[in-house]
Amino acid sequence: MSEPIKLFKCPTCSAPTQYDTEKFPHFPFCCERCKMIDLGAWAKEEHKIEGDQEGFDDLFSEEDTF
């Protein structure tokens, strides 16, 4: 007997998707469009990883720039 199919919601549009890279190669997104919308949101800093930013700028010096 096969296992039941587990459905997940696409983080962008909430469409049902499943962890099957053949049927849904963009998992956890339902399609390329939703994947690119999410990437754009990260680029515009609409999504952020919470945490202490103190000392972050010290990791990079002026010499590291091109």
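Just so it is clear, glycine is given a Cβ too, placed from its N, Cα and C backbone atoms.
Because TrEMBL annotations are produced automatically, they should be read as predictions rather than curated entries.
Per TrEMBL, the features are as follows:
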type	residues	note
BINDING	C10, C13, C30, C34	Zn(2+) binding site
>> Just to verify: the residue among C10, C13, C30, C34 with the fewest other Cβ atoms within 10 Å, which of the binding-site residues is it?
In response: C13
> Can you list, in sequence order, the residues of the same chain other than C10, C13, C30, C34 whose CB lies within 8 Å of the CB centroid of the Zn(2+) site?
Replying inline: P11, T12, S14, A15, T17, F29, C31, R33
>> In the three-state scheme derived from DSSP, which category covers C34 (Zn(2+) binding site)?
In response: helix
